[in-house]
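Listed features, source Swiss-Prot:
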type: BINDING; residues: 130-184; note: ATP binding site
type: BINDING; residues: 252, 269; note: Mg(2+) 1 binding site
type: BINDING; residues: 269, 271; note: Mg(2+) 2 binding site
type: DOMAIN; residues: 103-302; note: domain 'ATP-grasp'
């Protein structure tokens with residue numbers, strides 16, 4: 001009798017994206033159980049190295065969002081223990097998590113990025129650092145947590161940035177606000193997917209809009225001119241390769257169609273462990289390509305390796 005493959009699904013953790021990670025991880029664990037895998041769900045804590053060393057699974061499915069699972073830290077633990085894992089490796093994870101460094105790499109590779117600065121909270125507190133509208137966001141967090149859009153109506157940056165309980169680090173990315181359509185595209189099995197346009201029911205595609213059913217409308221395929229559509233796909237793969245990503249990644253874009261050609265297309269960021277909840281974009285893109293949720297999750301596990 002063939003032994004069932006034992007997969008550890010790493011979920012939870014202690015980042016600001018914990019709740020999303022729990023939802024993603026549990027959905028994937030359920031899928032693997034339906035496919036006949038032996039599954040252990042691990043809510044990651046600071047003793048994760050000891051837990052994994054004792055458990056010794058055949059592989060690990062990474063369903064952590066934010067620190068420490070998306071920044072290369074847990075990947076380093078898994079490599080030390082010689083446990084194959086999914087998604088991107090140590091370097092690509094660390095690089096993509098640091099938005100300022102990732103932008104530099106992508107720009108060098110010919111992927112257009114938003115004009116911006118990396119500043120401390122103290123520097124931002126002195127007043128407007130660029131002409132509004134602009135965006136202030138943490139250098140190393142996802143799911144749009146800690147993100148503020150500063151418009152002409154703001155006399156000064158939001159005071160929440162300077163409170164003692166601010167949890168998103170002292171270093172912040174300040175970027176010129178890019179108007180236009182919100183687009184996303186993923187890389188699955190080494191190829192770019194189709195493109196989704198996200199239409200938030202609120203002004204900004206924030207945490208609530210991303211993870212609350214009905215808070216945003218997804219247009220798939222996105223309503224774009226064919227050459228723009230293909231350019232989004234090309235840039236998605238280019239960003240994935242430039243950062244050294246593996247497995248699944250997702251790139252987010254803005255497109256200002258008032259600018260001629262593809263000049264209004266800007267890559268905002270690349271997510272190395274995109275969400276896998278019921279409202280997440282990657283499962284929707286995969287389904288459009290004929291890949292069921294369970295098939296997608298199984299492929300992620302089968303793709304796991306120590307060569308990331």
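In case you wondered, yes, glycine gets a Cβ from its N, Cα and C as well.
Features recorded in Swiss-Prot, as mapped to the structure shown.
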residue: 130; record: ATP binding site; CB count, 10 Å: 15
residue: 137; record: ATP binding site; CB count, 10 Å: 22
residue: 151; record: ATP binding site; CB count, 10 Å: 9
residue: 158; record: ATP binding site; CB count, 10 Å: 13
residue: 165; record: ATP binding site; CB count, 10 Å: 5
residue: 172; record: ATP binding site; CB count, 10 Å: 26
residue: 179; record: ATP binding site; CB count, 10 Å: 12
residue: 252; record: Mg(2+) 1 binding site; CB count, 10 Å: 21
residue: 269; record: Mg(2+) 1 binding site; CB count, 10 Å: 20
residue: 271; record: Mg(2+) 2 binding site; CB count, 10 Å: 24
### Task
Compare the Cα of residue 130 (ATP binding site) against each of the binding-site residues 252, 269, 271 and report the nearest.
269
## Note on the structure
Spatial hits near residue 271 (Mg(2+) 2 binding site) (Cα distance within 10 Å) out of the binding-site residues 137, 151, 252 come to 252
### Query
C-alpha of residue 151 (ATP binding site) to C-alpha of residue 252 (Mg(2+) 1 binding site): distance in Å?
22
### Query
When the Cα of residue 269 (Mg(2+) 1 binding site) is compared with the Cα of each of the binding-site residues 137, 158, 165, 172, which one is closest?
137
### Query
If you run the three-state DSSP split on residue 172 (ATP binding site), which class comes out?
strand
### Message
Tell me the Cα distance separating residue 252 (Mg(2+) 1 binding site) from residue 137 (ATP binding site), rounded to the nearest angstrom.
### Response
15
